[in-house]
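This report concerns only the one structure given below.
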Ligand code: DQA
């Protein structure tokens, strides 16, 4: 199984950014842990973090025919981006949406996602464990 891990804006600041909400692990820690987990489960993982919406969209387009699915934490683009939604609809790439924090227990503007209803699954509020859960969920969804 080939999986693309995408992280959106400000997630490069993990470890420094509001640690009471997002924890102390850096994005490099998360990517390393997930790569090790992926390898141990016979999965090939590629990763990209970008603060630019078009780079995430380009990566989704490039994933067509190259990867089996996507794990994405879209950061704040979750709540704003019709373009990311359209990229997934256009490529038909199955994806799991991940949020470190429980967005439903936070400000109301974080309750709305432009992606959730077209995702094959959503993992919210489980911290960094969410990324591993997402990999398991994607494998499960691709088999069924
Ligand atoms: C986030 C939640 C978003 O609302 C926020 O804008 C982020 C991170 C999360 O992982 O909890 O950047 O996606």
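Using N, Cα and C of the backbone, Cβ positions are placed for all residues, glycine too.
According to TrEMBL, the protein carries these features:
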SITE      17  site 'Transition state stabilizer'
ACT_SITE  22  active site, proton acceptor
BINDING   73, 79, 86, 100, 101, 110  substrate binding site
ACT_SITE  99  active site, proton donor
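Taking the Cα atom of each, residue 101 (substrate binding site) and the residue listed as 'active site, proton acceptor' are about 6 angstrom apart. In this structure, residue 101 (substrate binding site) belongs to neither helix nor strand by DSSP; it is coil.
In this structure, 73, 99, 100, 101 are the recorded positions from 17, 73, 99, 100, 101 whose C-beta falls under 6 Å of some atom of ligand 1. In this record, substrate is bound by 73, 79, 86, 100, 101, 110; the longest C-alpha to C-alpha distance in that set is 24 Å. You'll find the Cα of residue 22 (active site, proton acceptor) roughly 12 Å from the Cα of residue 73 (substrate binding site). A gap of 6 Å separates the Cα atoms of residue 73 (substrate binding site) and residue 99 (active site, proton donor). In the structure as shown, the Cβ atom of residue 79 (substrate binding site) sits within 10 Å of 16 other Cβ atoms. Note on residue 86 (substrate binding site): other Cβ atoms within 10 Å of its Cβ, all shown chains, come to 14. A distance of 29 Å separates the Cα atom of residue 17 (site 'Transition state stabilizer') from that of residue 86 (substrate binding site).
In the three-state DSSP classification, residue 73 (substrate binding site) falls within a strand. Of all the binding-site residues listed (73, 101), 73 sits in the most crowded Cβ setting, with the most other Cβ atoms within 10 Å. Within the same chain, residues at least 6 positions away in sequence whose Cβ sits under 8 Å from that of the residue listed as 'active site, proton donor' are 73, 78, 122, 123, 124, 125, 130.
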